[in-house]
Each structure stands twice: as C-alpha cells, then as structure tokens.
Ligand code: XMP
C-alpha cells in the first residue's frame with residue numbers, strides 16, 4: 001500500500017488516481033495522521049502531497065522527522081519537497097517571483113531510475129511561492145528549472161525523492177512516468193491491485209463484518225447503489241434485502257428496468273415500493289424548488305423506514321459512499337475541502353440506528369464502474385448519465401403534477417433516444433429535457449395551439465463542477481424538436497439551452 005499524506009493540495013486525489021491506474025493500491029490520509037498510525041498502516045512508500053501552506057509559516061503542517069530515517073521510500077511533491085528539505089537540514093525561502101504554470105525542466109541525473117524514459121528537457125507544471133535554496137546533506141540535484149535550481153533532488157541511499165513540480169497533472173510531460181518510476185524503480189513496489197482482487201477481498205470482508213445478519217440496501221437504480229447491491233448479494237446472498245422506492249419521478253421505463261434487472265436477472269430479494277401517488281400527492285400545490293427537494297428527501301426517509309420496519313431483524317444498512325466523500329470528510333483544510341456533493345440518503349443512517357456497510361468507501365467513480373463491469377452489470381446501465389435524487393421534480397419548473405411528469409418522461413425519452421442514435425451519448429456528460437410550463441401560441445394543421453415549452457439541456461463536463469453546453473449538430477436538434485412536437489401532446493415549442501456553468505447550473509430546478 002502506498003500512503004499519501006495530504007497537506008491540502010487540490011491535486012492530492014489526482015496522485016491517488018494515477019497510482020491506482022498503475023494497479024497499485026494507495027490511500028490518502030490527512031497530514032496530521034500520528035506517526036504510530038502511519039507505522040501501523042505499514043506502507044511500502046510514502047508520498048507527501050503539495051499544499052497551500054508555507055513551511056516558513058509558524059503554524060505550517062509538519063511530519064515527524066523520524067519518518068525520514070525509517071528506510072521507507074518517500075516522494076515529496078511541492079510543499080512535500082519543501083517540508084522534507086526544511087526538516088532534514090536544507091533551506092527554503094520565499095521566492096522573489098512565484099513560478100506558476102508550464103515550466104521547462106532540465107534533467108541532469110536519475111535517468112537510470114527516477115527519470116527513466118522521460119524526455120529531456122521536458123515541460124512540467126509548477127505552482128509555488130517558496131523555493132529550496134540549499135539541499136540537506138547527502139542529497140543531489142536531479143533536475144533544474146529557471147525558477148527552481150533544485151526542481152528535483154534525491155538522497156539515493158535513503159530513497160528520498162523530492163520535486164518542486166506536480167507530476168500528477170496532465171500538463172506535466174512524463175509526469176506519470178516519473179510516478180511509475182518512483183513506485184517500481186525506486187520503491188520496488190509490485191502491481192496487481194485491481195477490481196478482481198478488490199472483489200475477492202471485499203466479499204470476504206463483508207462476510208466477516210455482517211456474519212449471519214441481514215443487510216438492508218436502498219436501491220435507487222443509480223450505478224453506486226446497484227453495484228453495492230450486486231456486490232453484497234455475491235457475498236451474502238439472501239441475507240440482503242433491497243428496497244426500491246418508485247417516487248414517480250423517474251425517467252420513462254426506469255422503474256420497470258430496475259425491478260426487472262435485479263429481480264429477474266440477479267435474483268435479488270427486492271421490495272418494490274410503488275409510492276408514486278404518495279410522492280405526487282405530497283408535491284401537489286408546491287412550486288418552490290427548495291421546498292420540493294425537502295419534501296422528496298423527507299418522504300423518502302419516511303417511506304423507506306416504513307418498509308424497513310416490516311423486515312425483521314435487520315441491523316445493517318448498506319450505503320454507496322465513495323472514496324471522494326471519505327476524503328472530503330477527513331481532508332486537511334485546503335481547496336479540496338470546499339467541493340460540494342449531494343447526499344441523497346443523508347439522514348437515513350442516523351435515524352435508523354443501524355450499523356453501516358460501505359463496501360465502495362475505497363473506490364473512485366470510474367473504479368466503481370469497472371467493478372460493476374466485473375459483476376456483469378450491462379454496459380448501458382454503467383454508462384447512464386447522472387440523474388439527480390429528486391428526479392424529474394427538478395426538471396419541471398413550478399408545481400409537479402402527474403400530467404407534467406408524463407409529458408416530460410415522453411419528451412425526455414426522445415431527447416436521449418436521438419442522442420444515442422447519433423452516437424453521442426457516451427461523449428456527453430448529461431442530456432435531458434426540462435419542462436417549462438409556460439404557454440405560447442403555435443399552429444398545428446389548421447388550428448391554433450396554446451401549449452407548453454420543452455427545453456433541451458445537454459452539457460459537456462468532467463465532474464459537474466463546471467460545464468459547457470454541448471455544440472449539438474443542428475440536424476440533431478431539428479430532429480428532436482420535430483419528434484417532440486409531433487409525438488408528445490401538450491408541447492408546441494422546443495428550445496435549446498446554451499448556458500454554461502457557471503454562471504448557470506446543469507439542472508434548472
Ligand atoms: P447543478 O444543477 O448543481 O448539478 O449544476 C450538478 C450535478 O449534480 C446533479 N444534481 C444532483 N444529484 N441529487 C443528486 O444526486 C441532487 O439533489 C442533485 N441536484 C443536482 C446534476 O444532475 C448534475 O449532474
């Protein structure tokens with residue numbers, strides 16, 4: 001296991017991603033982790049991440065200098081470099097000019113291991129205010145840049161490496177190769193971790209954790225909860241009970257597909273709660289977006305609890321918590337701490353007083369998909385666009401009624417169908433319809449119409465934090481518009497949303 005100590009850099013998760021892509025398991029822990037705990041984790045190598053602090057500051061985060069004497073291979077990145085240098089007898093000062101962005105890197109050593117196969121000179125991504133001005137005894141220089149005479153240094157015998165730039169970002173040429181070299185050439189780590197070995201160890205862990213007890217799982221139809229359910233079913237079979245609440249706000253055919261897949265294909269013990277009327281009843285007359293969200297969240301917990309009470313002797317609740325959520329909650333204060341996330345089943349575990357089973361806690365989203373693939377989840381299911389917890393309620397402006405839900409389901413299905421036919425579905429982050437219950441005039445045949453508008457929303461994004469509207473071909477937009485107006489009653493006008501995020505959001509609410 002590789003241990004990454006996080007000093008608050010926005011890139012820390014990226015380091016972990018790169019390492020796992022090399023089939024080596026790694027974990028991120030806050031830099032405040034006690035030395036004893038670091039020892040207990042028994043890492044094969046340690047990485048000290050970057051961070052926003054300055055080692056010159058009075059209260060800057062530190063590590064126990066004894067770490068450097070353990071014989072453990074250590075790589076310090078940016079702040080990690082400065083920390084290693086200052087704790088081992090070198091000097092760091094505030095640079096006159098901070099170096100930021102692409103910088104030329106001249107390599108002068110380490111080509112046989114750390115820089116093996118890396119182009120020289122190369123281009124790396126710098127982002128620092130402080131810099132090293134003298135290196136500790138026993139260290140040598142491996143590379144320089146214009147602003148950093150000690151851009152890469154090492155103490156070969158002790159296997160201590162420290163670099164000023166960020167090898168984990170894609171702008172650093174050969175950065176992945178350097179991380180690879182550190183792991184395999186310097187630290188002698190073996191690869192082999194992946195979803196297959198994860199599956200094996202995780203099923204054993206789940207069995208050991210729950211014994212002969214029953215586990216309850218809220219199945220939403222999304223990738224995370226689906227993978228949790230199938231994984232648990234593989235580990236404990238019929239001790240798993242899934243509850244799927246149909247709130248009447250799902251996409252067309254979705255409820256049917258979920259039930260069919262889990263019951264008929266996986267033979268999972270599934271309670272299908274048809275709560276459509278209940279949810280739509282609660283939403284009647286409500287048009288404030290926050291209010292709608294609150295009602296849906298509250299009613300979900302209510303309905304789920306009622307169903308759970310009918311199942312005897314359940315002490316465990318399964319949740320699809322992912323690694324980014326775990327890191328967020330322990331993260332050392334830094335930019336990575338402010339990224340928001342939506343918790344759809346928030347409040348459930350506290351209220352139900354059950355022990356949690358969170359088998360995906362160590363995984364990133366793409367690893368969850370890979371695991372789903374290993375468990376035989378159909379590809380179309382795994383690559384489905386994200387869908388918000390409150391469902392179509394955030395895509396119908398104003399009051400939600402059964403009629404509006406039915407109209408939007410039809411129109412939205414056409415949007416997605418045409419995008420799939422055009423071969424664009426996998427390239428797009430999210431594409432869907434939004435119902436604007438604003439009436440405008442049209443003509444159809446010889447008669448005048450006075451009906452609602454449908455907005456098509458399609459965005460490109462990598463993490464939903466920022467997004468740009470997709471430049472969909474005009475022909476495709478035209479086809480969707482024609483079909484929606486001809487096939488879906490109550491809609492006589494279609495518009496395309498060309499707002500990026502920010503300033504817009506992806507959903508309209
Ligand atoms: P916005 O509209 O904030 O959406 O730009 C960003 C991403 O989050 C999704 N979204 C939600 N997902 N529960 C969720 O699970 C929610 O309440 C929720 N609201 C928005 C949205 O679809 C987009 O992918």
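Including glycine, each Cβ sits where the backbone N, Cα and C put it.
Quick look at what TrEMBL annotates:
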- 78: active site, nucleophile (ACT_SITE)
- 166: active site (ACT_SITE)
- 168: active site (ACT_SITE)
- 193-384: domain 'GMPS ATP-PPase' (DOMAIN)
- 220, 221, 222, 223, 224, 225, 226: ATP binding site (BINDING)
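Locations of recorded TrEMBL features on the structure.
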residue: 78; record: active site, nucleophile; CB count, 10 Å: 24
residue: 166; record: active site; CB count, 10 Å: 23
residue: 168; record: active site; CB count, 10 Å: 25
residue: 220; record: ATP binding site; CB count, 10 Å: 22
residue: 221; record: ATP binding site; CB count, 10 Å: 20
residue: 222; record: ATP binding site; CB count, 10 Å: 18
residue: 223; record: ATP binding site; CB count, 10 Å: 21
residue: 224; record: ATP binding site; CB count, 10 Å: 19
residue: 225; record: ATP binding site; CB count, 10 Å: 22
residue: 226; record: ATP binding site; CB count, 10 Å: 26
Nearest recorded site to the residue listed as 'active site, nucleophile' by CA-CA distance, among recorded positions 166, 168, 220, 225, 226: 166
Beyond the site residues 220, 221, 222, 223, 224, 225, 226: chain residues whose C-beta lies within 8 Å of the centroid, for ATP: 219, 227, 228, 320
Residue 168 (active site) and residue 224 (ATP binding site), distance between Cα atoms, whole Å: 26
Integer average pLDDT (0 to 100) for the domain 'GMPS ATP-PPase' (193-384): 90
Cα separation, residue 166 (active site) to residue 221 (ATP binding site) (Å, whole number): 38
